[in-house]
Amino acid sequence: MNKLYGLLGHPVGHSMSPLMHNDAFTHLGMKGYYHAFDVPEVELKEAVDAFRLLNISGFNVTIPHKVAIMNLLDEIDEEAVMIGAVNTVVNMDGRYIGYNTDGRGYLTSLLKTIDRPLHECNVLVIGAGGAARGVATVLANEGVALLTIANRTITKAIEIKDNYQSYRHANITVVSMSEAEDNLGLYDIVINTTSIGMSPNVNDVPISIQHAKPSVVLSDLIYNPILTKWLIQGEAKGLKTHNGVGMFVEQGALAFQLWTGKYPDTERMTELVRKQLGGFTC
Ligand code: NAP
């Protein structure tokens, strides 16, 4: 019998997760089917109750439910608790266990791009929303040399730092956007986790790269467009760049592995996503 998996979000019409996961089930010869469920915030509890009733084998959770889902689960993995959000739920003998694969997915993708150990890298995270929490937590857990967070609303960056340090010690600093811009030369990896660069802000950049060091890696979580204006500026300057396609694929692959015990072919997944986005190189 087919096992049913899903995505809970609102809206979900644009999601490439069904394409990616259903192809992986077929490619691996597994009986699984993944469907995107469009569920508004007020119906989240009913949707999870219905999933339990139908014994849904596992699901992803996306905007706007990544935090609210946590109260509806039976157990939450330690890193997801530290991040404060869940994007993957596994049905373990009728109990729903929450995980967060966004941060680990990002890390797996980043490690394919950088050629220095993370513990030697000073990292600047721009932004302090949900995605920043996952990325910052995992990078701090990996032990980067310095982790700095800058955000338009600085109190949100301070919240991420304080939250992390309530669990573990790490060298985390918070700076204003203008301080980050002036001191950009300090950083080996600069990560844009804001939505600046995606529609409707495709002509904006999150931070000036005027003071970036030549060996810096510019990393943008955005994958649509595949190359944001910021990454195009970086490439024009000869800087190494890294886009969000890898994170999207790897977070999905890690979720698939949690559900099935099998790690899917991520090159195949990347190719599918790339084609769906219009065939650009990524
Ligand atoms: P979010 O929780 O809404 O956070 C948005 C962040 O962007 C906040 O830091 C916000 O700053 C900042 N921001 C938004 N508009 C801004 C503006 N005009 N000027 C300055 N700062 C602005 O969103 P999220 O879930 O973290 O997602 C952020 C981005 O990551 C999105 O582009 C999303 O597509 C991408 N993402 C990619 C993946 C992937 O798999 N590749 C996964 C998750 C997310 P304030 O705090 O000041 O409002």
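Each residue, glycine too, has its Cβ placed from N, Cα and C.
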NADP(+) site partner of GLU78, GLY127, ALA128, GLY129, GLY130, ALA131, ASN151, ARG152, THR153, ILE154, THR155, LYS156, GLY244 (as recorded in TrEMBL), chosen from LEU53, LEU54, LEU221: LEU221
One of THR62, THR193, THR194 listed by TrEMBL as binding shikimate at the site of SER15, MET16, SER17, ASN87, ASP102, TYR223, GLN251: THR62
Model confidence over the domain 'Shikimate dehydrogenase substrate binding N-terminal' (7-89), averaged pLDDT: 97
Nearest of the recorded positions (LYS66, GLU78, ALA128, THR155) to ASP102 (shikimate binding site) - Cα to Cα: LYS66
In sequence order, those recorded positions of THR62, LYS66, LEU221 whose CB lies under 6 Å from ligand 1: LEU221
Length of the line joining the Cα atoms of THR62 (shikimate binding site) and THR155 (NADP(+) binding site), in Å: 24
Cα proximity to SER17 (shikimate binding site), best match among binding-site residues GLY130, THR155, LEU221: LEU221
The domain 'Shikimate dehydrogenase substrate binding N-terminal' (7-89), counted residue by residue under DSSP: helix, strand, coil: 35 helix, 18 strand, 30 coil
